[in-house]
Amino acid sequence: MAFSITMLAWSVLEFGQSLGTDLQHSLKAIQWGTDYLLKATSIPGFVFAQVGDPYGDHNCWERPEDMDTPRTPYAVSKEFPGSEVSAEIAAALAASSMVFRPINRGYSARLLKRARMVFEFADKYRGSYNDSLGPWACPFYCDYSGYQDELVWGAAWLLRATKAPYYRNYVLANIQNLDKSSSFAEFGWDTKHAGINVLVSRLIKSQTPKPFITNADKFVCSVLPESPTVSVSYSPGGLLIKPGGSNLQHATALSFLLLVYSRPLSKDSRVIHCGNVVATPARLLQVARSQVDYILGSNPLNMSYMVGYGKKFPERIHHRGSSLPSITLHPQHIDCTGGATYFYTNNPNPNLLTGAVVGGPDIKDSYADSRADFAHSEPTTYINAPLVGLLAYFKSH
């Protein structure tokens with residue numbers, strides 16, 4: 001959730017001028033998230049990381065209005081730390097503080113003050129929520145890449161928001177703690193490496209050598225299909241593919257980074273050398289656009305993976321509120337197991353979750369459109385958030 005808010009805020013910071021009348025909706029969505037994150041961090045020394053038992057919640061197929069599973073809150077603390085969730089919240093609050101600075105200075109200052117406080121907590125009491133909240137958070141929301149990347153990511157956003165030397169020094173001192181075995185093409189809610197390099201390459205330019213620019217260049221070379229060091233796969237139809245579920249998270253997040261990184265390259269009239277392949281800023285844009293076009297319907301199935309967009313789109317998405325009848329049509333309570341018939345039916349979902357992007361097709365460009373196939377049919381906020389910036393840019397370019 002925090003990563004989604006960070007990416008929505010980054011989308012607005014980079015491409016807000018292209019959002020037009022949609023800017024107000026983005027700001028509303030960001031504030032919905034930051035208001036929640038302020039509440040989750042309102043008790044000093046505690047960060048509320050999760051509400052509800054995932055086993056109980058996953059076992060029920062019921063509408064949010066009918067939810068009757070226990071709302072048990074789980075917090076990380078000094079004794080039971082969770083640096084990755086805390087530092088990502090700090091990143092979200094810091095990025096959002098810049099979004100609100102020209103609009104609401106008081107709210108912006110409050111977000112930044114809390115971001116500093118939560119980052120200090122994440123850094124001072126180091127540890128993974130896998131260890132403190134593992135029995136409840138795992139296996140659903142385990143952290144697989146450690147917390148060092150979130151600490152550097154949080155500090156990088158605080159550097160951008162404050163320009164304070166403390167955060168610059170922190171980023172430079174802690175960058176070597178990042179897992180060296182991780183691919184340069186890793187960026188998402190769990191792993192921040194490529195995002196750190198793209199973000200910091202624009203914040204710390206005077207450093208020699210320039211590790212962030214070098215690594216951001218390596219990120220580009222690990223994503224471009226023609227590069228000799230490409231580390232992602234592509235489907236026959238041209239979709240970027242990485243192992244695991246919800247694949248479109250990689251297509252949107254990595255495309256967002258390509259788009260953001262192409263801008264300083266253009267400004268400096270610089271190209272990237274991937275072995276004998278030359279990557280121009282225009283090529284980065286072309287690859288990013290190809291992914292957006294694929295998601296919106298330029299693919300072998302001629303199918304949009306955004307619900308409600310185009311003539312053909314996913315109709316049986318893995319989403320409770322979309323698949324169950326609305327309260328208006330069915331005011332009676334539907335209990336935990338009462339939703340099973342709606343889950344297993346082959347009928348399309350009755351309620352359109354307009355704009356939601358699902359996990360997407362497999363490596364052969366095929367898509368089953370099955371509610372049970374959650375790895376492909378589940379929409380997530382972290383798939384959509386980077387897409388907001390991409391769509392804003394390509395709408396006006």
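Our numbering is plain: 1 for the first residue shown, then up by one each step along the chain.
Glycine too: its Cβ is placed from the backbone N, Cα and C atoms.
Now, the feature entries from TrEMBL:
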ACT_SITE  His318  active site
ACT_SITE  Asp369  active site
ACT_SITE  Glu378  active site
DOMAIN    1-391  domain 'Glycoside hydrolase family 9'
SIGNAL    1-20  signal peptide
Distance, His318 (active site) to Glu378 (active site) (CA atoms, angstrom):
5
Is it possible to get the count of other C-beta atoms within 10 angstroms of the C-beta of Asp369 (active site)?
18
Distance from Asp369 (active site) back to His318 (active site), taken between C-alpha atoms, in Å:
9
His318, Glu378: which of these active-site residues has the sparsest Cβ neighbourhood within 10 Å?
Glu378
Tell me, what is the mean pLDDT of the domain 'Glycoside hydrolase family 9' (1-391)?
96
